[in-house]
Amino acid sequence: MKYLVDTHTHTIASTHAYSTLQEYIAMAKHKGIKLFATTDHGPDMADAPHFWHFVNLRVLPRVVDGVGILRGIEANIKNVVGEIDFFGDYLQDLDIVLAGFHEPVFAPSNKETHTAAMINCINSGHVDIITHPGNPAYPIDIEAVAKAAAENNVALEINNSSFLVSRKGSEHNCLAIAKAVKEAGGLLVMGSDSHVAYSLGDFTLAEQIVEQADFPIERLLNRSPEALLAFLSARGHASLDEYSVLLES
């Protein structure tokens, strides 16, 4: 199946990434990607953009050359309370909010602490998608997290980058997550976690996990722009009408 949506990308605003937003738009056009989210790292990361970078995403057009661009962030889960490093009314101005564990912000601890932090973040209502929850550096109670995510209409990510250059050993956890989310009645999304435009929309290995779990396509947010936009609307993101042109093409 050709997936036309990517929810997880990084630009040169995160200085360990290597492509501009315009390069992503051009690559999306080239690959036939209809909708992608620009989700640079939250400001507590050492080389992340300033807080105001995310505030000023409002200047971005939502559709360029027939490609939809979601204004987003990959925030950092900061502590066991589940707080993230973007907050207040500014959250409402973003189209999509991702959050995950990153070692420079939240050092690996133990399974109980990781699970509590992730579930508290899910329960906060501030986050739409939890990124790379299968990271073996942060063991979690997978069934408990999947249940909390399903109850809160939060998607868990199968991160393609985790099978390539980062988070080695994620395969077993990601398959268990896909199966647990399926059992809990929740939602999955595949994210490229692209740090260079060439890997935009690359779900090659994540798709294998989804297929092994026999995960229902109707609960996979990448299946269409309509599916992701409906999810974000249900999550309370209001300003999505500008993407309607994507649904007409």
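Our numbering is plain: 1 for the first residue shown, then up by one each step along the chain.
Glycine is treated like the rest: Cβ placed from N, Cα and C.
The secondary structure of His10 (Zn(2+) 1 binding site), as reduced to three states from DSSP, is coil rather than helix or strand. Sequence-distant neighbours of His10 (Zn(2+) 1 binding site): residues of the same chain at least 6 apart with a C-beta under 8 Å from its C-beta are His16, Ala17, Thr39, Asp40, His41, Glu74, Asp193, Ser194, His195. Sequence annotations record features per position, and here Swiss-Prot assigns Zn(2+) 1 binding site to His8, His10, Glu74, Asp193 based on sequence analysis.
Every protein chain shown contributes to the tally, and the Cβ of His41 (Zn(2+) 2 binding site) ends up with 26 other Cβ atoms within 10 Å. The Zn(2+) 2 binding site annotation in Swiss-Prot covers His16, His41, His195.
Here Swiss-Prot flags Glu74, His102, His132 as Zn(2+) 3 binding site, drawing on sequence analysis. Sequence-distant neighbours of His102 (Zn(2+) 3 binding site) (same chain, 6+ residues apart, CB-CB distance under 8 A): His41, Met45, Asn76.
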Other CB atoms, at most 10 A from the CB of His195 (Zn(2+) 2 binding site): 19
Number of other Cβ atoms within 10 Å of the Cβ of His16 (Zn(2+) 2 binding site) across all protein chains: 12
Whole-number Å value for how far His132 (Zn(2+) 3 binding site) lies from His8 (Zn(2+) 1 binding site) (Cα to Cα): 10
Packing count at His132 (Zn(2+) 3 binding site) (other Cβ atoms within 10 Å of its Cβ): 27
